[in-house]
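What TrEMBL lists as transmembrane segment is 12-31, 43-63, 235-259. Residues or ranges marked as Zn(2+) binding site by TrEMBL: HIS195, HIS199.
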Amino acid sequence: MSKNARHICYFLDYGAVNLFSLGSAIAYSAYTFPDALVRTTFYDYYVTLAVLNTIVSTGLSCYSRLGFAAGEADSFAPGEALYQAGEMLSQVAGSPWFGGWPEPARASFLPVFLELQRPRLCKMLRVLAFAYPYTWDSLPIFYRLFLFPGESAQNEATVYHQKHMVLTLLASFFYSAHLPERLAPGCFDYIGHSHQLFHVCVILATHIQMEAILLDKTLRKEWLLANSRALSFPQIAGAILLCLIFSLINIIYFSAALYRIPEPELRKKET
């Protein structure tokens, strides 16, 4: 696989995850909102801000891989200019005065991948990029579970929403804690490592989420038809289209930046 294709596949993965986040927000706005929040300003702008969250989250996720390298790639970075100037001087003159830049200086002038320079910050940014859209999408569920939800929202779906929340938190724990492989390096390289457990929890959480939404749709149908202001099809299609367009702009921007980053940095990234 090409060194750039690996990063681009990750960018597409981030965009798809955020598109799923928007889909969850649209479904929640239609079927799961608690009685007290329907016909409020929060309800009116809930999906609009969910669209904005997906755009920002995709950009932040992509940035967490490349960091400032993407920003420097579009404009010929001053540090890279100095580095190449030193290389040219070292080729023109052989004296120590024109010997080019020493290795530490060369390294400091090259664009730096955030994953290489500050891996913990990179991981924290990526977790944040996924956590805050989930938190926004789940605010109606939090209100429903922990505050007075209203009569129509007190139904069998509540138990499924609780299970979905627990599995999502468990998936986040596996994603960020790197357990169990950090306790026994080499023993979980193929089966049982944290990323596999993370995906198992996400799949189960998604299944339970769908069951909860379908239950709400069935059990709250009459109340929702009488009291809720459902989004129209053009509004839903427009929200998804905006998410796709701006997420693709993010992906294309960071993907194009990969091809303008100097080769030494890409080789170092691969190792």
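Using N, Cα and C of the backbone, Cβ positions are placed for all residues, glycine too.
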Cβ-Cβ under 8 Å from HIS195 (Zn(2+) binding site), same chain, 6 or more residues apart: which ones? PHE174, TYR175
HIS199 (Zn(2+) binding site), number of other Cβ atoms within 10 Å: 13
